[in-house]
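What TrEMBL says about this one:
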- 45-293: domain 'G-protein coupled receptors family 1 profile' (DOMAIN)
- 30-53: transmembrane segment (TRANSMEM)
- 65-87: transmembrane segment (TRANSMEM)
- 107-125: transmembrane segment (TRANSMEM)
- 145-163: transmembrane segment (TRANSMEM)
- 208-231: transmembrane segment (TRANSMEM)
- 243-265: transmembrane segment (TRANSMEM)
- 277-295: transmembrane segment (TRANSMEM)
Amino acid sequence: MGKTKNTSLDTTVTDFILLGLSHPPSLRTLLFLLFFIIYILTQLGNLLILLTVWADPKLHARPMYILLGVLSFLDMWLSSVIVPRLILDFTPASKRIPFGGCVAQLYFFHFLGSTQCFVYTLMAYDRYLAICQPLRYPVLMNGRLCTILVAGAWVAGSIHGSIQATLTFRLPYCGPNQVDYFICDIPAVLRLACADTTVNELVTFVNIGVVAASCFLLILLSYANIVHAILQIRTADGRRRAFSTCGSHLTVVTVYYVPCVFIYLRPGSKSPLDGAVAVFYTVVTPLLNPIIYTLRNQEVKSALKRTAAGRGAGGANK
């Protein structure tokens, strides 16, 4: 039992214990090293993309790469909200998290995660305009409009995170305080509430599951139109380049959205698979983004080479 605050009316939980991912004790060291390496690679990979987009004039003026830079920034922060706490589960350190820390983690997780959903949708819309409306693209999507859309995604994400955190923690929590999950997320925390959670589950279903599913369907609709347009391209090289650019985005989107829908469109679920599935979009996807976008995007690879060549020339001149 965690620390509690006694009053004449009830016993209020003031901290939670994150039980983490189920794992054999013999694998504790291996899992610690695995997630530690994933976290470091995630930060370095996304930082590399962010710096490349910022430093290369050919990239940072184009909406597609502005969105890619924003996505890398989000991945770095989302990973930092989740993975360090997850790594602690494989150490002798205390698994306790203060009540306020749990509120903050849930807020930032949903703030950054929902903003990422909106950015993925904007990226699909940008590719749709570039391939299906190439002549009107400079008018329909430019740097200024892209910045406004990104700002809107951040604001919407912040509102979403605030709503979810407020609705979740307005409920009384009077014990037990053991969260059967590796982070403070809505389904796991609601199981500990000492009140009816029907409204919360409904809001979670609509505000997270349906919104995520709707964004995913919009992305699929965009790509259906994109595929149709690509098939009209006469040159094999043109089709290959278009498929390469869009394929990388669609791969990441699928890895991100499918687990989200699996978890949040099943209110009240206590499946042991939830934790393993959540690791995919909270830990694996931020790692995959820089790998996929770097290896499958020729312009990013060219920009990296130009940046490396520039640094090499600068060092030689010294």
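Every residue, even glycine, has its Cβ placed from backbone N, Cα and C.
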Spatial neighbours of the transmembrane segment (145-163) not adjacent in sequence (6+ beyond its ends, CB under 8 Å) are 63, 66-67, 70, 106-116, 118-119, 122, 126, 203, 207, 211
Please check if the transmembrane segment (65-87) comes into contact with the transmembrane segment (277-295), where contact means 3 or more CB pairs closer than 8 Å and the residues in each pair are separated by 6 or more positions. yes
